[in-house]
Amino acid sequence: MESYLMNFKFKSEVVKLLKYLTKPSILPFYVFVVIYLVVFSPHVARPDEVPFAALLKVLPIWYLAFYVYKARNTRSNWDVNLNIFLCGLLMSSLGDICLVYENLFQPGVVAFAVAQFCYLLNFKRLYKTYLLAWSSFPIGIMIYIFLFISMQDVSMKIIVFFYNILIHTMLFYAFSCFESKPCAATLSIMLGASIFLISDFTIAVNKWIINFSLAEGIILSTYYVAQLLLTVGVTNVTKEKI
């Protein structure tokens with residue numbers, strides 16, 4: 001692992017990652033995000049609980065799912081299972097729809113838990129070594145204890161407990177696959193997983209600890225960036241010969 005990291009050329013790999021993120025085939029994702037921002041301004045305040053808001057919210061994720069679907073059909077020797085990752089994106093979109101409605105928060109968390117399970121199954125196929133990745137578990141324990149004190153609903157405590165395990169296991173494998181073979185694709189996966197955790201932690205803090213005005217903007221921006229980075233990472237791992 002140390003030799004891999006020592007040979008990791010950070011600047012060149014970041015440039016490569018930026019090229020992935022600016023491919024013409026990725027641009028519709030940005031367009032859909034902008035449309036949602038302009039129409040409902042979710043970064044300013046929570047949108048109304050209407051179906052049109054849910055539709056515009058999931059369009060960027062549906063486009064990423066379409067992007068993965070096309071990638072799945074163009075190569076046959078992927079090091080990850082793009083069918084499973086595609087299911088993860090679709091389950092995420094179901095979670096997105098649920099979270100538009102306050103009374104569907106619990107089903108939304110369950111949907112995202114399934115998505116995290118799909119993601120970790122993919123990243124598990126890439127890892128060979130791990131060291132720094134172990135830090136994900138004590139972080140998960142501290143976060144859950146922090147939230148447990150503030151949650152009153154017992155069923156919610158149980159759901160969040162299992163979700164916490166899944167997302168930090170996903171984070172573990174995301175870090176470990178980067179440690180196993182540092183490159184632009186695995187860097188993208190590691191960053192995406194980390195930013196996903198920030199998005200979810202912000203949701204939890206805003207819901208159970210303290211409601212603050214910037215929460216919706218932080219949740220939205222980190223969530224979309226995380227999903228984009230994860231998608232870009234898994235659809236380029238074979239090209240980089242992991």
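Backbone N, Cα and C atoms are what each Cβ position is placed from, and that goes for glycine too.
Automated prediction, rather than curation, is the source of TrEMBL annotations.
In TrEMBL this protein carries:
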- 26-44: transmembrane segment (TRANSMEM)
- 50-68: transmembrane segment (TRANSMEM)
- 80-98: transmembrane segment (TRANSMEM)
- 104-123: transmembrane segment (TRANSMEM)
- 130-149: transmembrane segment (TRANSMEM)
- 155-175: transmembrane segment (TRANSMEM)
- 187-205: transmembrane segment (TRANSMEM)
- 217-237: transmembrane segment (TRANSMEM)
(message) Do any residues, 6 or more residues outside the transmembrane segment (80-98), come within under 8 Å Cβ-to-Cβ of it, and if so which ones?
(response) 54, 57-58, 61-62, 64-65, 68-69, 71-72, 104-105, 107-112, 114-119, 121-123, 125-126, 227, 230-231, 234-235, 237
(message) Quick test of the contact rule: Cβ under 8 Å, at least six residues beyond the ends. What residues does that give for the transmembrane segment (217-237)?
(response) 17, 20-21, 26, 29, 33, 42-44, 60-61, 64, 67-68, 71, 78-80, 82, 85, 89, 92, 119, 122, 126, 184-189, 191-193, 195-196, 198-199, 202-203, 206
(message) Using Cβ atoms and a strict cutoff of less than 8 Å, what residues sit near the transmembrane segment (26-44) while being 6 or more residues removed from its termini?
(response) 20, 53, 56-57, 59-60, 63-64, 67, 216-217, 220-221, 224, 228, 232
